[in-house]
Amino acid sequence: MLFLKFMIIGTLISISSISWILAWMGLEVNLLAFIPLLKKEKLKKYSEMTLKYFITQAMGSSFLLFSIIVILNSEKSSLFYSSILTDLALMLKLGVAPMHFWLVEIMSKMHWNLIIILSTWQKIAPMLLIFYSSNNLMFISMMIMMSSLLSSIQGLNQICLRKILAYSSINHMSWMMSALLISPSIWWCYFLFYSLTNIILITLLKKYKMFYMTQLSKFLSSNKTFKFLFMMNLFSLGGLPPFMGFFPKWLIINMMVQIKFILVAVITIVFSLISLFFYIRICFSTLMLCYSSSSILNKKTYPSHLTLVTNFFSMFFILWMPLIFKLC
């Protein structure tokens with residue numbers, strides 16, 4: 001609990017600071033608080049995962065500190081290149097493609113609780129700092145398109161659910177960076193809906209100890225109520241209308257067309273359809289396969305009241321759209 005408090009403090013320091021040095025210090029506080037959570041389990045795979053995460057984040061922090069020093073000691077003519085270096089350092093810490101391989105490797109070995117933290121809270125500070133330093137829209141647009149393309153293609157043949165969620169997270173980061181090109185309020189809108197859907201989905205996977213598609217297919221084939229609610233969350237995370245995850249994307253597409261970012265909008269839409277295939281494939285396999293009732297997974301299980309409420313909120317989200325558009 002103490003480390004979680006320091007994580008929150010570090011993030012708040014970063015997003016509220018008026019100095020790049022303070023922002024960098026906030027990121028370091030956040031990193032030093034997250035490392036002990038990774039090392040909580042004294043197993044070899046957790047030690048390796050912790051070391052990979054620390055080395056990657058240390059590299060990003062070093063590049064960021066170097067770019068800050070350049071910004072503080074350079075003329076206005078060189079600020080353009082130093083801002084690109086700043087964005088690269090922050091994107092490395094986030095795991096934006098093509099610097100995303102560490103994220104997939106680490107998430108494939110993480111505990112579900114840590115995946116929730118890494119895919120939601122740990123995105124806030126670097127994302128908003130990218131918004132503060134974004135002087136090169138062309139460079140950010142290029143990184144958005146690369147993240148959308150690579151995450152969709154590389155996630156196609158995965159059977160590990162944690163790797164699928166990792167590639168899904170990278171794809172959603174392309175949408176979040178697109179939102180940053182428009183407005184921070186739209187970014188917050190997208191981030192909150194993504195976090196809600198992601199937390200519900202990961203909580204369900206954690207509760208029933210699902211790690212691979214074969215396990216999930218067997219369980220979904222035996223539990224119709226869980227199948228219905230789980231499929232709703234998958235489709236929402238993939239952005240299928242009329243579920244909750246579609247409407248923030250619709251809002252971003254609408255705004256990108258208005259500001260003439262047509263190419264970025266088209267590429268993110270096309271490759272988001274490929275990422276939607278990840279989730280449709282999981283659901284389709286449960287419709288095609290039929291398992292015997294003797295399986296240990298066929299015991300009666302019922303979702304919690306919170307899961308039911310959030311899923312039906314997701315299902316009938318179209319009723320909330322006027323309020324969301326007014327807030328965003």
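Including glycine, each Cβ sits where the backbone N, Cα and C put it.
Heads up, TrEMBL stuff is auto-annotated, nobody curated it.
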(request) Tell me which range among 138-159, 226-247 TrEMBL lists as transmembrane segment. (result) 226-247
(message) For the transmembrane segment (78-102), give me same-chain residues lying six or more residues beyond its boundaries with a C-beta closer than 8 angstroms to one of its C-beta atoms, as numbers and ranges.
(response) 27, 52-53, 56-57, 59-64, 66-68, 70-71, 123, 126-127, 129-130, 133-136, 139-140, 143, 146-147, 149-151, 169-170, 173-174, 177
